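Asks: This is the structure I have questions about; it appears just below.
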Amino acid sequence: MRKVSLALSAACLLFTLNYTASALASSPSPLNPGTNVAKLAEQAPVHWVSVAQIEKSLTGRPPMAVGFDIDDTVLFSSPGFWRGKKMYSPDSEEYLKNPAFWEKMNNGWDEFSIPKEVARQLIALHLRRGDSIFFVTGRSQTSNERVSKTLADDFLIPATVMNPVIFAGDKPGQNSKIQWLQAKNIRIFYGDSDNDIAAARELGIRGIRILRASNSTYKPLPQAGAFGEEVIVNSEY
């Protein structure tokens, strides 16, 4: 009888262990929560457009003035800003107020900036159309600058149509780009930041969002499409 009891106990223990192992195997892991079709299909209500669609929308329209922001719009320039922060203010953003940083950034550090592919396509489009292209940046003005030459070289802009970069600067409480967009009669403005889109909206012109790369040093990332503006697909690079 004792042997029968031990056998039954062993069988029960084995069943319990098997059931527990089976239950553990079938339970979702916190590291692998999985997903479902509804989650995969979920999309933000954003007005996505392609470069081809932008080009089509301009068919039949005469040449016009168009504007581009620079950092995170036409250039992935985080390497220079990363270097500047480490050199001048590792624990804060004070380097952005340091004229010495801007002298470096505007006079050589863009050699480490990567031209964005979406910018190549857009600039080529507007050159084909005969549009006047202006670069309007929030960077601080410096006594000399090589940014204009870098952009002309990177995007194959002929010297005859290359306009010098406009350094609007960053003025607290102001959107410093508005006056320049107005002064140059810009009809389309491309930018990655909320300020870029807000400047265009202030003047009633077409503001088109270019996505800021997720590894940009400029954080937090903006909410593309938050103003109902057009957002270019695959424009993070």
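The count begins at 1 with the first shown residue.
Glycine is no exception: its Cβ is also placed from the backbone N, Cα and C atoms.
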Asks: Looking at the substrate binding annotation from Swiss-Prot, with T137, G138 already listed, which candidate in K97, K104, K116, K177 is the matching residue?
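Replies: As annotated by Swiss-Prot, T137, G138 share the substrate site with K177, chosen from K97, K104, K116, K177.
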Asks: Have a look through D170, D192 and flag the one Swiss-Prot assigns to the Mg(2+) site that D69, D71 belong to.
Replies: D192
Asks: Identify all same-chain residues not among D69, D71, D192 whose C-beta atom falls within 8 angstroms of the centroid of the Mg(2+) site's C-beta atoms; report them in sequence order.
Replies: I70, D72, T73, V74, T137, G138, G191, S193, D196, I210, R212
Asks: Are there recorded positions among D69, D71, T137 that sit within 10 Å of D192 (Mg(2+) binding site), Cα to Cα? If so, list them; otherwise say none.
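Replies: Checking Cα-Cα distances against D192 (Mg(2+) binding site), the recorded positions within 10 Å turn out to be D69, D71.
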